[in-house]
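Trainee: The structure's right below; bear with me while I get my questions together.
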Amino acid sequence: MRTHCCGELSLSVLNQTVCLCGWVDRRRDLGGLIFIDMRDFSGIVQVFFDPEQQALFEQASSLRNEFCIQITGKVKARPHHQINQKMLTGAVEVFSENLTIINCSEPLPLDRNQNNTEEQRLRYRYLDLRRPEMLARLKTRSKITSFVRQFLDKEGFLDVETPTLTKATPEGARDYLVPSRVQKGKFYALPQSPQLFKQLLMVSGVDRYYQIVKCFRDEDLRADRQPEFTQIDIETSFMTAQQVRTVTEKLIRQLWLQIKNIHLGAFPVMTFEEAIRRFGSDKPDLRNPLELVDLDDVLKNVDFKVFSEPANDAHSRVVGIRVPNGADISRKQIDEYTAFVHIYAARGLAWLKIKQADAGLEGIQSPIAKFLSPEILERILKRTQAKDGDLLFFGADKKKIVTDAMGALRLKLGLDRQLTQLDRWAPLWVIDFPMFSNDTETGLTAMHHPFTSPKNTNLSEFAANPETALANAYDMVINGYEVGGGSVRIHHSDLQQQVFSLIGIEANQQKQQFGFLLEALKYGAPPHAGIAFGLDRLVMLLTGTNNIRDVIAFPKTTAAACLMTDAPSFASDSSLQELFIDVVKKEKK
């Protein structure tokens, strides 16, 4: 139906007759002349209709935005003063010789100026995707997946598909369950990840596996989460954690070079402990220069219980954040920051402005100044490296509260004070995660997943101190986003059973849910390790959006609904009967 795409036209096809198909992006009537901007997936070109061709001109006058049309015409050079430098095709235009209206369009339910709610955009997604920036993101996504496949193929990885209908296993989030019509009363689960199958592929001798795969998690959603999402899933045999990091760092560095023409350089490596201590997060945004500074030892003996009590408690923490040139922050703004940390259960936010550092207590402004001695103030200023004109914020409470609250405050201050270098890329590896987290109600839970190997695989030593065990795990973080996470896996059945037992999975449950894995590990399972990257999150970063729904063609809302198709929907009684399912209506209290 066409010889060229709209965005391809240039002076190289001057005076050639072309046939184009696409949509009317805009029609302009200028002093008896009609011009349209014609758009397809490749771009926009200007089309001119000559009023001397009366029938064609009258036909063109009926065109409206988003009519689907076919144009045949000759490519002409625009007069020099009419060249549009903002368009790739701005040096040429098409003199129309024939117009076919393929399909008309009703007035759009979306605002052409893009002042649309997200609900409108999702309800009419097929129209929202016509916008050039949305199509550009889909093109970038396609380039990314194509590059990843080529890279991994060259590195000797084998693309293997794993089942979508599988067995429910506890992996952290709730499963999406699919009832079986054939097996009465039984359910499949949609995979939260191909974790167990890719480990079984290693037992099978596949050696190097990858898959770009859909995963499903029934969890509460955020701006960067979806109930169905896509992973770049990787697993290897006979490779160490360092070797996995090396090959996947190479992948990401080359990907950034391919898509953004940016050299990332070698990724720094940071332990989990250091990340939490300095940045209040296990996915630190290193574009932000602010850090959390521990002050426990400095404030242990201060005559101020808000500081001294947590400073002397092993389960608590006192930290400071130095805001360069922050003394101009108003009391109203300080109150707003105090309200902000309340979100994270912090009880308050102490502050101190440095007017003249070498003037001692006379040189500061702070409601806590009366509790500080000149010696303690000097130690605070030295530890935080505070200077004239700076502001210090203090957090003091249980470790988790302080870490979460001050870590979040650090990020907010970085943006508010324009300290975060938004034009930078700051990747890193975070390693040496705790093997388990300890919940007062549920006991030990796996920090990553229960198939991660501890760094120390000595069974007796591991069993003696599981709370202090480190996982042989690693996360890749870019600009504060965890883009990938992986680990060395357990490849001995007895160690796997021990980990299951530690997190409260009893022997019978182990056999019922993971018997196939425990059995497979007994048949010469090789050492293996892997990683998974969130494709949606990578595309989000590489296209410069902060909403993951912008990089998925047909995403769900935060209520896990598709507004366009009205999914999920009710099933008919006959369908439910076939599946042996009764829907029980909850009685109103």
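Quick reminder: no glycine exception, Cβ is built from N, Cα and C everywhere.
So Swiss-Prot has the following annotated:
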type	residues	note
BINDING	GLU171, ARG217, HIS448, ARG489	L-aspartate binding site
REGION	195-198	region 'Aspartate'
BINDING	ARG217, ASP218, GLU219, GLN226, GLU482, GLY534, LEU535, ASP536, ARG537	ATP binding site
Trainee: Could you give the mean pLDDT over the region 'Aspartate' (195-198), rounded to a whole number?
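Mentor: Across the residues of the region 'Aspartate' (195-198) the model's pLDDT averages 97 on the 0 to 100 scale.
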Trainee: For ARG537 (ATP binding site), just give me the three-state DSSP call.
Mentor: helix
Trainee: Other than its own, how many Cβ atoms are within 10 Å of the Cβ belonging to GLU219 (ATP binding site)?
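Mentor: I count 14 other Cβ atoms within 10 Å of it.
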Trainee: Just give me the nearest neighbour of ARG537 (ATP binding site) among the binding-site residues ARG217, HIS448, ARG489, Cα to Cα.
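Mentor: Closest by Cα: ARG217.
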Trainee: Using C-alpha atoms only, work out the spacing between ARG489 (L-aspartate binding site) and GLU219 (ATP binding site) and round it to an integer in Å.
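Mentor: That comes out at 25 Å between the alpha carbons.
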Trainee: Counting across all protein chains shown, how many other Cβ atoms sit within 10 Å of the Cβ of ARG489 (L-aspartate binding site)?
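Mentor: Neighbour count, Cβ to Cβ under the 10 Å cut-off: 22.
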Trainee: Among all chains shown, work out which of the binding-site residues ARG217, HIS448, GLU482, LEU535, ARG537 has the most CB atoms within 10 A of its CB.
Mentor: LEU535
Trainee: Tell me the Cα distance separating GLU219 (ATP binding site) from HIS448 (L-aspartate binding site), rounded to the nearest angstrom.
Mentor: 16
Trainee: The record lists ARG217, ASP218, GLU219, GLN226, GLU482, GLY534, LEU535, ASP536, ARG537 as binding ATP. What's the largest Cα to Cα distance among them, in Å, rounded to a whole number?
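Mentor: Binding-site diameter by Cα atoms for ATP: 20 Å.
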Trainee: Please report the distance from the Cα of ARG217 (L-aspartate binding site) to the Cα of GLU482 (ATP binding site), rounded to the nearest angstrom.
Mentor: 17
